[in-house]
């Protein structure tokens, strides 16, 4: 008797949006809420088999995503609406699938990515916000966004980011390639937009923490360049809070033809 034929395996990519304020980060962990665990549970219900997802970037506790990308493999053959509307019906309100795309075998959400982009949102006002309290970081001292932008330009290109790297970072190298970093003001909001090939642990939040010191005129514009050259985390400012940080986009080679929805968050244009 011939062996039973194995069902075909499909590889699917999804775009995911989430409010990370009630989660202990992206990665599945025992006994605490994670975005990965909720997504895998919802996908498994739709697929009627256990699903494991792989993501482009494992965000920390309290960090949000508008442009997270994941992939998974399944023998379940479903219409696109099942992987979007169907999965969303099984997800909590603070996690949502934005798009679905069948991808070839060589695609990997993490290893195929060529760049990641983050936006950090500062609510720069004397009084704290209420409605967006978990979606922005409040900073009450007046910030000079143009000064912050000028100071940040020394971070462009390939550099050793030891001064902006968490002590517990497990990456083999502190070197990263920053493609752009822009600081702009939108009314009471100051936005730090940074894109790099990859990021060391807490890199964006550590950079923002130091840029806020420059923006508040507590440090000179030259301080960021001095920190970069010093390669000493203890000299830089405290890590900025998680609430204001969003993973907004992940770049992949054009041949995968993945959707590119608006990055956001909220009012921010691409």
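Each residue, glycine too, has its Cβ placed from N, Cα and C.
Looking up the ranges 102-106, 107-111, 112-116 in Swiss-Prot, the one annotated as region 'RNA binding' turns out to be 107-111.
In Swiss-Prot, the feature region 'Interaction with tRNA' is placed on 168-172, out of the ranges 158-162, 163-167, 168-172, 173-177.
In the structure shown, across all protein chains, 118 is the one of the recorded positions 118, 139 with the greatest number of other Cβ atoms within 10 Å. Neighbour density at the Cβ, taken as the number of other Cβ atoms within 10 Å, is lowest among the recorded sites 58, 126 for 126. Using a 10 Å Cβ-Cβ cutoff, residue 78 (site 'Interaction with tRNA') registers 16 neighbours. Of all the recorded sites listed here (58, 78, 110, 139), 139 has the Cα closest to the Cα of residue 126 (site 'Interaction with tRNA'). Residue 60 (active site, nucleophile) has a Cβ environment of 17 other Cβ atoms inside 10 Å. A Cα-Cα distance of 21 Å separates residue 139 (site 'Interaction with tRNA') from residue 60 (active site, nucleophile).
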